[in-house]
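What Swiss-Prot says about this one:
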- 339, 340, 341, 342, 343, 344, 345, 346: ATP binding site (BINDING)
- 620-644: region 'Disordered' (REGION)
- 721-796: domain 'Smr' (DOMAIN)
């Protein structure tokens, strides 16, 4: 993209806004290097990255890249095997800390599988491949406190040396303290302090005593009144301290070398982390800019078609900017904009040009969703007064020089923008030149926008296929532009109307009208009529919008009324459902009692008659319950057609009393697949209810093939009973009740967990199972089932 267009359209100001949102120096570097792209796939990729980052910003908040250092030079030193300093290692630690922060922000894992919250997008892989290298980072942080300080615990050797240094220091201070407090030396001291000179402990001795005091002189004050002397009593200790300092430095260098070797093994991961963090910083800066500008992702096409919906120039104060709609490149490829000065013509040009540059650079544009941009290899712009004083060029010459260059280089893949084409010279010749230039560009099918004051160009646009007029609206009443762009309508000269409004006499205005040609006045009358028609159309449109709002309000009230009716219906159905639950509970209680009696009577023949009577009563009771519930359900349930079901609908599977979602459309027989949790089953539509249409009437009671009753899910029972810790007299009633419920729920087998212990509880359970008639058999658990701590019970 040519530099002149970038400068003219103020693209660099957008880049400055973008760079300010990057947190790291490398991120800002990438922002400053951003230029428009020309490959569709690259542009779409960058746009999607910006959108995905924006989605994450709204979902999780900001991700900080602030303070991430540039370690490129450090990595180059690692390449040649150099040992790093403490400061360099701390920079690497900062990068690794930022890497971990980014990893946690962008990629969540659970059980080694990506969670649903961490949705796949264009950024997921970047986050996933980041390597925080936590062991290395922790080791650096453990060993290095700051650029000037290594931790005592960095190595046993360093800890030992520093302990010896402390001991030696203490000895020196003890010895010097004795000297300071000695009566024989108090008079020799300039000050009663201990000082350091050339790395050795000294005392400040008065100049006249420097030869009397026993020791080695290392320095003297600037006035010569004080000599700094190392007492002979601590010379040996000072020597030891110097040796220990050398050993300390050797230990530190050893620690830094070991850390450098450790870091060098991961230099490629470090390089990837640095590069990826810079890219993410760059991407999230683009997302932040989109958020600040309230922008949206534009759609792109290869048809050179532009359709900007409510576009706002990003460099104009958001409180003052007026959104504009601009479209061209479909039915017409040349747009001629007319209107008053300061009316918004130039802003319209710059908006189209700047949006094109921003979009092709992967930036969102401040416009409504659904806006479209096209890809142009070059954008050429001749906007504003670019007169060159150095070259002594007039305004016209300057613009014409630029125009000549544009005509030489532009092709059908270019976007050309002219502001006041042909201005700065004789109006007749200027208009002729402007028409010739636009005609030339139009013949070559080059997408062009041009602003003008010339009426001849309005006529050119009206009479030429593929060319359209547009104007910036001006209010004669307020004498102010509205900044609205009206496509399809040429701009009308408002000079006479404005002059009259400002008080110019009618005589002068009428005299002026005589000086313009009848043809020109007729043309202005046509434009006036068009403007009047447009205003009338907008009035009709406003009335239609009002009618639409009234209809919507009526629809809303009707929906509220229907909602109240539905609520009443739902209440009635809930009451019916509760009644069904009551009937079902009564049937269950009756069945429980009957089974207990059956167990009590046992298999003896004397009680056969009583048992048979109870069976008959139970069958009658359950039959009544079943018929009652089924009839209520069928009466209240809507019969659905195959066309009523769509993939994703929430449904109630009546026979299973489970909720699920439709995963396929019904086949010719009315069968479709329903996903119920991890279960996917083929179900006929006659066995389904749409949950959002009708509240479930009753929990279905369906007969199984064996004739037993399968209870609803709400009355389902656990497949195991834990009685560990219970006494026999406490456990057996629980076992008895549990077996009854499990048998009624039609469980094929259950597990009783009694534990090993003394075996008394297991024996009591086994004895009880032998007396239970509907138990087919039992056994202790096998390997993996609980062994002798559980009993597996199988029902008849």
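Cβ atoms here come from the backbone N, Cα and C positions, even for glycine.
Bear in mind that the values here come from a model prediction, so they are computed numbers and not experimental data.
Comparing the binding-site residues 339, 344 on other C-beta atoms within 10 angstroms of each C-beta gives the minimum for 344. Across the domain 'Smr' (721-796), the DSSP tally of helix, strand and coil residues reads 32 helix, 19 strand, 25 coil.
A C-beta separation below 8 Å, combined with a sequence spacing of at least six in one chain, links residue 345 (ATP binding site) to 337, 338, 339, 419, 451, 472. When pLDDT is averaged over the domain 'Smr' (721-796), the result is 86. Residue 346 (ATP binding site) falls within a helix when secondary structure is assigned with DSSP. The secondary structure of residue 339 (ATP binding site), as reduced to three states from DSSP, is coil rather than helix or strand. Non-local contacts of residue 346 (ATP binding site) by the CB criterion (under 8 A, 6+ apart in sequence, same chain) comprise 383, 384, 419, 451.
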